[in-house]
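Annotated features in TrEMBL:
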type: REGION; residues: 1-37; note: region 'Disordered'
type: DOMAIN; residues: 155-240; note: domain 'K Homology'
type: REGION; residues: 189-217; note: region 'Disordered'
type: DOMAIN; residues: 457-534; note: domain 'K Homology'
type: DOMAIN; residues: 542-614; note: domain 'K Homology'
type: DOMAIN; residues: 623-703; note: domain 'K Homology'
type: DOMAIN; residues: 707-795; note: domain 'K Homology'
type: DOMAIN; residues: 800-868; note: domain 'K Homology'
type: DOMAIN; residues: 872-949; note: domain 'K Homology'
type: DOMAIN; residues: 953-1038; note: domain 'K Homology'
type: REGION; residues: 1080-1111; note: region 'Disordered'
type: COMPBIAS; residues: 1102-1111; note: compositional bias 'Acidic residues'
type: DOMAIN; residues: 1157-1223; note: domain 'K Homology'
């Protein structure tokens, strides 16, 4: 529908103005198919007719202040920047709404009402074009208005883009970001087929064609024509950037042609002009990859050569002994090609002795000569494996398992060993190993293989065990199977799971030092292992098969996406075999499902499969209900949500599927057509009740969106941070609107504050906001409520947002802030004020305080108090040698604390750190800084100087003290050492202490040159004090004890933790002067783990036995079930025989006691709330239970289970005692 200028004037309220359009515009009714698109001529009067001419203006008398009379001062005017754009449409398609025609003026009004933009339109009859001029205050508003005009005025068309599969991820982008950007920018609908619907034939060719490039996907782009074309260009740019390189494959090349192609590799690489060529011959395939044009040239040349060679080659077949075929493959075949330009084709799976020589007729004679020469170039020995064939297969299997051929080839350079192929092994009656090389080397290998085979005669055996039980046997008995080699010298080889073979190979290890040459010993060992494996197989499972008949259409539900459901049915052990359709066996149909495995697993899997099928049938019935309805297209984006969040939420909550369609069905023709872009169809599928609820929610959301309005509040930017607060919190003292998020939730609105300022003065947000604007968007009622509360908050901010600025000396800032901001944070918390610190100069720092008047005054007072304290302080620096610093500081800073206390200072660590500061460790400086009140600083200076004088008179004297006596001289916690130092006034440094090396070298160090440094003790201090300390140490040193006496006791590893008692046992032995060395220590955890069992616990404590006790579970199992095997030899070292005998007695008694600890009880309580009562003060209750019952009680710190170890009667008594403490009942009195 076309409009005249008069119509446009009426629509825009400009009736009476001159008509800017040619009158002939009303006669334009030609069909769009005949529209001729012309270039826009901006100078054409017909395209842009001028308005009615105005009367000629009279000449104005030139002012004396004009430009000709001197410079002119221009007024400064702040103008808002204006963004403009123009575009021309050759066809304007106007749609109808509610069966009423929509005019161009109505559309322009709709665009101008929605966006802050001015739109003008002008028409050209000859060019049959309409030009639109747009002006806006921001580029974003201009772009949005332009897209909306194009969408409303352009015809909706569909375009297809063929995209290679490899480019689809780039088109979609991470999490759909790129695709979303294209959709948002153009408004076009872009449909990409699902991944599972794309296959190798997606580009219209068979997937198996030799020359196929990667398959392509048809992407559908639908929308207004200009926007749809823009989206297509965007997609094509992505495709072009990702397809610069190409890969092509030529498959199924004939074996007789492929050698000739491989020989011309350099020719193809030159044709590719830098493109990388990768040639593979193992699967008769050539792959060319690299720059697209170069790959095409190389592939075209390869195809031409293949066509020529396929028709130009002939073959001659000759017979050669099978052993000589080994010399005509790989390097041998290449040598024949180089010599004769002929190819030799060998098939090792062919039982005949024939080989084929291919080439051109003229080259075949030289080819035959080259083949014969190569076939006789090396000596070949056929080594027959001893039979029958079953034994030969066993020997060959063992040789392959230990890589024996490879080992021999590496040991004998120039010799190659070839074993039969799997196909040959299956159908051969005898097996032969080919040994190729120079005759002397081959003869040496033959002798070694003969010796090896001789050791294996009678040393192999096969045991038939169902392959489904192999994993179970290995899982439960892995340790035992490994021990077969130690016990019987037998190796066990299970076949791989993928082979599904039931034969297990047993080999009597011929390389073991313990191997016996006796055939009887070999047979006896193999028989014993066979019995053990057979027993394990019987314990593992009784295997059965069960065939189910299930319609083929339900098989996919059983398998699940990516085989996930089937994996869950099979289980982690994978001891089940489930096959579908014809793979289930010869008598199977496409509906057959064969389940094979352990009886229990087969029954379980069968039950689960039938349940899955039943559920799939029910889902098909339940989810068959669907409904369709229309919604305005402008609401589709909000209903669908960002990246589908809206419909995904409905799917997750209600279990329905929501599809939004732009196609509707034409009831007359029965065909689908594109819908008018004002409406979209929504289809919901699922359970009826859920579908109705989803429809209800969507309609409610649309009604809410229809009621949506927005309002911009003028709030000065300086109050925004106070309103927002940290993490969206409004000022904490404003209790009526505590959080912006809560305000949004209460009124169902969205509140947007401007972000960083841009060049044009607008906030950097999605909406175009100025710095002093706040946007509230939502329902009318909600917007009004949120507005009222937000304005109240602004008034509160005006009252509380007082600012006070003052300066403080820069040197006081560190004290004001405190370590890690502790001081300043305390002031903030106490006064409820905001404080900012800004350094201005080296001497002055600005402090800015915000808050109520009371708060800022209190904060200022607190800050100035600290600043005044710093102003009164004096700073003194004393040079003290670095070597004295540690002594002055003392252990843990105690020396400084005592010094400051003597001088009348505070012992507060915070004050102390500011008062005295020594250089950091590693700093070579000797300066010690004192800062504080003048009286205290002066006293500290005098005391430090006295201490330094004393330290300078200090001497260092060395003394020999056996290292074994150092611990006794130091005492527990250094008690003896501190007493000695206090008594003598000297400092004593033992080797290994942190200050040992810092005290310097002893003056008598030369006297101890031959003494072990570990035995030298240093004594420091005044000479008289040092001499007193040396005399005291000499008197304390004990005479060297005589040689120690030793004894050994074997202790089973499984008793280690019971005997050691977490090291208490060894401490007891040390009291007798006995040290223990252990050959091996236990590696397993101290406490036994609770066995995992699906059955109920062996016992349960209920309310009848103890009504006050909490409900608990009690399970008893034998102890030492999975304990470590073997013994640890304990070596006891004692000073005398008496101590040794006492230690031996204790160890033997501990072993006997451990033997009685035969059971483990696991007591699981509902929670840990009763554990403090059970443990008692410092473990008193647990110790009491241990003493009374003789059982070990371990209370876990990680779970609710208490572990009790002992005899069966003892752990029962201990359990009852624990339950009494748990219930809070007093302990029963014991009577004799």
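Just so it is clear, glycine is given a Cβ too, placed from its N, Cα and C backbone atoms.
Mean predicted confidence for the domain 'K Homology' (1157-1223): the pLDDT average there is 87. For the domain 'K Homology' (457-534), the DSSP counts in helix, strand and coil order read 41 helix, 15 strand, 22 coil. Under DSSP, residues within the domain 'K Homology' (1157-1223) fall into helix, strand and coil as 34 helix, 16 strand, 17 coil.
DSSP assignment over the domain 'K Homology' (542-614) gives 38 helix, 19 strand, 16 coil.
In the domain 'K Homology' (953-1038), the DSSP tally of helix, strand and coil residues is 42 helix, 15 strand, 29 coil. Sorting each residue of the domain 'K Homology' (800-868) by its DSSP state yields 38 helix, 22 strand, 9 coil.
Residue counts for the domain 'K Homology' (872-949) under DSSP (helix as H, G, I; strand as E, B; rest coil) come to 44 helix, 14 strand, 20 coil.
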